[in-house]
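Asker: Can you keep this structure in mind? I'll have questions shortly.
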Ligand SMILES: Nc1ncnc2c1ncn2[C@@H]1O[C@H](COP(=O)(O)OP(=O)(O)OP(=O)(O)O)[C@@H](O)[C@H]1O
Ligand SMILES: [Mg+2]
């Protein structure tokens, strides 16, 4: 049988003169990687590079003012110290939103994975993803309906306690974080869910048989094992949140001035694209620095 | 190191009765195998003892404590799973120390216990590795170390060796038995594999559709099966049915067969089980039980010859013969079989 095949292969080889030579490895590798890198170049690097170029200009190139190369845009944080406070507030907003998303998202994912099976699980997952599908503006404005004075929340409170004052938190940072958590929670639930479904039931049962109660299982098994999901969820949330401008503007009102709104203003109101671009890149640098420190700490901890 | 008692345990899932009125005792230090076909309820019974499933009825006692309402983490059990179930994010030493930590044993004391346990499973020096860096057999030994280091009241194993290949499996059987003997742990072992059950256990329990049909020492269960199911499931059996007549059994073809088993009264229907290796092809050796049959198939397996035969009235029979003299009978030959009344067991249907 094997001999037959061998013989067959030999005859075919000698009859067919156009024997196929395998391509050199680098050709196939390049061919395989080209779509990915091509897409990355078009979708990310080109726009980013354009913005990087803008950030070194003295004025928006579409205007009438002559454009020169300058570093002055990067001095914004020094020239206008109030930007530092706004930057800090934005980071705090990102921190709290990510933290709440992590706590709620992880617990929701745990409940989803452990407490349900099959079809119910999938249905619930779809329900959780609904905020993703609703228009962001609609979602945020619906929160103003709930949170404003004499809004939905107040009405419910007054049904129970008619004399109570208003508990409206609209136009506070709480409202902003609330809106952001609502919008970004699905990312965390998804990433944690994906990390948690891969955990074998037997691992959790083994822990329980060894004497672990649910909180020990949570801290010692589920969280460490699903850490990649938590981290990627945090990255996915933190970056867009500190640059967000819709939620801060609509739910934060006067207190809703963030790096996101400042940058947006530069592009839409002040027509100062170079400043907008330089602020964006500064923010990006800060975020990368934070992640670098954080991952260094994490790695140090796992190694030690 | 205590005994485990199961009293009138029942479990249903919707309309399906998975376990029906299970009552049995697993004596202190014994090694009991739960053997039965797929779906017979072995895993369910084991998980009820472990505390992962609450029985609808009945009581579980570990030692003198009624643990029916005690959650898993409070039962002090050691468990081994088919999938090893090691914690992948911890080192081997951390895996083994997990149960100790839950019992407040830390630091030097814990380290000593961990070393002892790893030594017991012959994995000293592997403490700093992670589960991924070990082979399947090594991982299962870590799982065993992790389960025994907490000195559990009972060791529960659900087909722990079925993910291993044949040779490794046999090695692990020997290890498991050695460690069970050394530690004296009351052990309950679920398996599909009858040979495994017979070689490892002090006691074998045969489950059929949610009932324990027989529990006893391996020889007893094998040599004296109580039911047709037990005789068929554990090893092979030939079955002859007939009516009781003057302390013997008359088969439908008129042959009279004698049995040492206690038989019911005259005229009662009875089924007799005879192990294929207990029948012999020798024609004249003074055995009172004889049948003549035609050989339909010969299976030559080296040391053992299996013959499939058929009596003139169409009853199928099996016979295992030692390949002593290298003489193999041919298909189509008619032979006379004989066997002793001692090996003729009356079984319930
Ligand atoms: N959660 C459940 N819901 C419904 N039925 C179940 C459930 N768990 C088990 N069963 C049923 O209970 C019966 C016994 O299952 P069990 O897992 O105890 O069998 P087993 O003897 O361990 O089988 P196997 O040898 O295949 O592992 C099966 O018919 C199974 O379908
Ligand atoms: Mg099972």
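Using the three backbone atoms N, Cα and C, a Cβ is placed for every residue, glycine included.
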Asker: Would you please say which range out of A:37-57, A:58-78 has the annotation transmembrane segment in TrEMBL?
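Answerer: Residues A:37-57 are the ones TrEMBL records as transmembrane segment.
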Asker: The transmembrane segment (A:37-57) and the transmembrane segment (A:275-298): do they have three or more Cβ pairs under 8 Å, with pairs 6 or more apart in sequence?
Answerer: yes
Asker: Quick one: find which recorded stretch in A:37-57, A:124-146, A:174-196 has the most Cβ pairs under 8 Å with the transmembrane segment (A:91-112).
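Answerer: Comparing A:37-57, A:124-146, A:174-196: A:174-196 has the most Cβ pairs near the transmembrane segment (A:91-112).
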Asker: Excluding the flanking five residues on each side, which residues at least 6 beyond the ends of the transmembrane segment (A:174-196) place their CB within less than 8 Å of a CB in that stretch?
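Answerer: Result: 93, 96-97, 100-102, 104-106, 108-110, 112-114, 125, 128-129, 131-132, 136, 139-140, 143, 147, 222, 225-230, 232-234, 236-237, 240-241, 244, 247-248, 250-252, 255-256.
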